[in-house]
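**Student:** Annotated disulfide bond per Swiss-Prot: C59-C94, C70-C104, C73-C112, C118-C129, C123-C142, C136-C151, C158-C196, C374-C399, C499-C547, C504-C519, C521-C530, C554-C587 (among others), in sequence order. The domain 'TSP type-1 1' feature in Swiss-Prot is assigned to 58-113; the stated evidence is sequence analysis. The domain 'LDL-receptor class A' annotation in Swiss-Prot covers 115-152 and rests on sequence analysis. The C-linked glycosylation site annotation in Swiss-Prot covers W64, W67, W548, W551 and is backed by similarity to another entry. Marked as signal peptide by Swiss-Prot: 1-30.
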Amino acid sequence: MFRVAIPRSALNLHSCLLHVTLSLVLISKAAITTAGNEDSDVREARSVSDQQVVHPVDCVISDWSAWSRCDTCQKKRYRYAKLDQPSQFGGEPCHFHDMEDEACDVPDRYTCDSIPLCEGFLCTQTGRCIHRTLQCNGEDDCGDMSDEVGCKKVPKPCRQEAEEYWGIENLAKGINILNSNLEGLVLDNRYYAGSCLPQYIQDVRFRKPHNLQQYTLETKGSYDFNVQSFESYSDYMDYSMRERMTQTIVSIGFAIPGIAEFGFNYNNAKVTRSIQKIRRASSKINSFVSAKAELELAQYMLRSDDLMLHPEFLQRLRSLPQAYVYGEYRQIYRDYGTHYITEAALGGEYEHTIILDKEKLAKTDYSLEDYKSCTQAGLKIGANIYGVYVSAGIEGGSCNGLLNEMGEDTAIGSSVEDFVAVVRGGSSESITGLVSKKLPTPQLMRLWGEGVRFNPDFIRKTTRPLYELVTSKDFSHDATLKRNLKRALSEYLAESSSCRCAPCHNNGVAVLRGTRCDCVCPTGYTGRGCEITQRKKQIATDGSWSCWGAWSSCSGRKMSRSRQCNNPVPSDGGLACRGLQQESTDCF
């Protein structure tokens with residue numbers, strides 16, 4: 001492990017303000033590049049085998065559900081349709097509207113009581129209940145300014161001016177755990193409840209929003225290099241997935257379909273490109289050296305209770321029918337994501353993976369451990385590579401020659417087959433420099449470390465499901481609403497999971513985009529099902545989960561379900577499925 005510290009003097013006030021600017025933070029924009037010897041083993045494009053033929057699958061939509069009963073509060077009834085079969089391999093797509101409502105009459109004997117009794121001031125438009133002392137205080141505590149109407153004298157809310165946390169509103173957005181996209185605002189992080197409680201960061205006064213328990217900025221940044229070597233693709237992928245799963249803690253109540261691909265945004269071309277390169281290396285003849293650096297700059301934590309919801313999100317939840325109608329509840333998850341962020345660490349992350357050809361490596365005097373040691377030396381800030389020694393007999397035992405090989409374009413006969421560089425956080429200049437090098441220089445790493453302060457990103461986060469934001473403070477029928485939202489989340493994740501797609505050939509990844517399944521093919525493989533290749537090497541196939549089976553009947557207030565690792569079955573040394581095969585949860 002090697003560490004480089006960024007001096008406190010470098011963290012001036014402007015950089016602090018900028019690096020907490022989360023306008024660029026929370027939409028993870030990972031820069032990724034790869035390069036390698038694409039011409040090796042190239043021949044005329046062909047199908048890998050005569051058996052690998054793909055047949056178009058047409059999209060199929062279910063019939064309309066029955067109309068729901070007339071909702072007392074909304075005076076509407078609803079119906080919906082679901083995706084029965086996504087299209088794949090060039091099949092006919094679906095063009096449809098999957099939810100409808102129409103006006104209906106409610107008998108006079110029924111009354112609407114969706115808003116709980118307010119013992120303070122009930123805001124006119126948003127329906128928010130605030131303390132009466134917040135009226136006429138010069139701030140929009142209601143979210144519609146109704147608490148400031150008719151005020152004769154409006155005092156200043158705080159005696160001293162205070163800065164607002166830059167980008168704090170972005171942390172209030174929901175997040176879709178299937179693709180890591182940030183969606184609509186679910187929390188109001190510009191609500192202060194009249195408090196002027198200050199927080200000082202390097203002598204600058206910040207005003208703490210009501211929803212926040214903690215927002216801490218580091219006054220000194222540092223990053224560590226962790227260098228690992230892996231004998232095989234399966235070893236590397238197993239380690240990578242375990243690392244990724246520890247970066248996002250998800251409370252959900254039941255497992256996530258397709259957890260092996262959890263959190264990847266396959267709509268991001270740069271993310272897709274890195275996956276294509278790594279999965280191409282699933283043959284048995286590849287080894288890996290991975291170096292990872294992390295720079296943590298800030299921590300964010302919500303309070304545990306009494307959260308103030310964003311007015312629009314509050315109104316959307318209150319407009320849901322009291323009876324369970326999947327189509328209406330599904331739309332909440334489409335618009336606002338599935339979860340909200342309760343804790344986050346902000347900063348930067350850099351991962352550099354070198355893909356080695358084991359057959360060529362065996363013909364040299366180098367070992368996998370030599371590559372690991374020299375990579376570690378080459379990434380050490382200020383390191384003297386001439387002082388690091390490897391296998392005896394290698395040009396005096398110095399890392400110099402090996403690092404030169406890793407730093408130049410891949411040459412014929414080189415053991416370095418390819419590399420993948422992933423950068424999160426940092427300036428455009430530093431990212432461009434890092435992803436264009438096979439082995440980054442210490443100068444580029446320092447430049448990236450400085451850039452992270454101005455443009456940090458998520459490096460770890462903890463999330464909880466949206467339905468946990470439903471409390472009796474804001475909703476009359478909170479128990480029913482929460483139960484319906486939990487049930488809808490299970491249905492939504494099942495309907496939107498890529499497990500519904502047929503397997504792609506040659507270790508391609510099947511991805512459900514809307515109503516269409518696409519195959520993300522390893523580099524060197526093409527076709528709608530990755531069935532065409534210009535390569536002769538056989539690659540492994542990683543296993544993937546089937547969709548979850550139906551929930552069992554409720555017994556002892558519990559129900560269970562299971563799934564199989566057969567979509568596809570792992571073969572030729574491919575990775576086994578990770579995650580639960582069986583699970584149980586409370587009845588809902």
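Glycine too: its Cβ is placed from the backbone N, Cα and C atoms.
Could you place these features in context, so I can see how deep they sit and what lies close by?
**Tutor:** DSSP assigns C94 (disulfide bond) to coil, not to a helix or a strand.
Long-range Cβ contacts of C104 (disulfide bond) within its own chain (separation 6+, distance under 8 Å): C70, K75, K76, R77.
C112 (disulfide bond): 13 other CB atoms within 10 A of its CB, across all protein chains.
Residue density at C129 (disulfide bond): 17 other Cβ atoms are found within 10 A of its Cβ, drawing on all protein chains shown.
Secondary structure from DSSP puts C123 (disulfide bond) in coil.
Around the Cβ of C151 (disulfide bond), a 10 Å sphere holds 12 further Cβ atoms from the protein chains shown.
Counted within 10 Å of its Cβ, the other Cβ atoms near C158 (disulfide bond) come to 18, all protein chains included. DSSP assigns C158 (disulfide bond) to coil, not to a helix or a strand.
For C374 (disulfide bond), the count of additional Cβ atoms within 10 Å of its Cβ stands at 26 [all protein chains shown].
Cβ-based neighbour count (10 Å, all protein chains) for C499 (disulfide bond) stands at 19.
DSSP classifies C504 (disulfide bond) as coil under the three-state reduction. Sequence-distant neighbours of C504 (disulfide bond) (same chain, six or more apart, CB under 8 Å from its CB) are A510, C519, V520, C521, G529, C530, listed in sequence order.
Of all the Cβ atoms in the protein chains shown, 26 others lie within 10 Å of the Cβ of C521 (disulfide bond).
C554 (disulfide bond): 11 other CB atoms within 10 A of its CB, across all protein chains.
Per-class residue totals from DSSP over the domain 'TSP type-1 1' (58-113), listed helix then strand then coil: 0 helix, 17 strand, 39 coil.
Sequence-remote contacts of a segment are chain residues at least 6 beyond its ends whose Cβ falls under 8 Å from one of its Cβ atoms, and for the domain 'LDL-receptor class A' (115-152) they are 188, 191-194, 308, 310-311, 314-315, 318, 472-476.
Residue environment of W64 (C-linked glycosylation site) contains 14 other Cβ atoms, counted within 10 Å of its Cβ in all protein chains.
Applying an 8 A CB threshold to same-chain residues 6+ apart, the list for W67 (C-linked glycosylation site) reads R77, Y78, R79.
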**Student:** Can you tell me which disulfide-bonded residues out of C73, C112, C123, C142 are within 10 A of C129 (disulfide bond) by Cα, answering none if there aren't any?
**Tutor:** C123, C142
**Student:** Nearest by CA distance to W64 (C-linked glycosylation site): which of the recorded positions is it, out of C136, C158, C196, W551, C554?
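**Tutor:** Comparing Cα positions, the candidate nearest W64 (C-linked glycosylation site) turns out to be W551.
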**Student:** Validating a neighbour-count step here. Other CB atoms within 10 A of the CB of C123 (disulfide bond): how many?
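**Tutor:** Within a 10 Å radius of the Cβ of C123 (disulfide bond) lie 20 other Cβ atoms.
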**Student:** C73 (disulfide bond): which of the disulfide-bonded residues C136, C151, C158, C499, C587 is the nearest Cα neighbour?
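**Tutor:** Comparing Cα positions, the candidate nearest C73 (disulfide bond) turns out to be C587.
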**Student:** How far is it from C142 (disulfide bond) to C136 (disulfide bond), counting Cα to Cα, in Å?
**Tutor:** 11
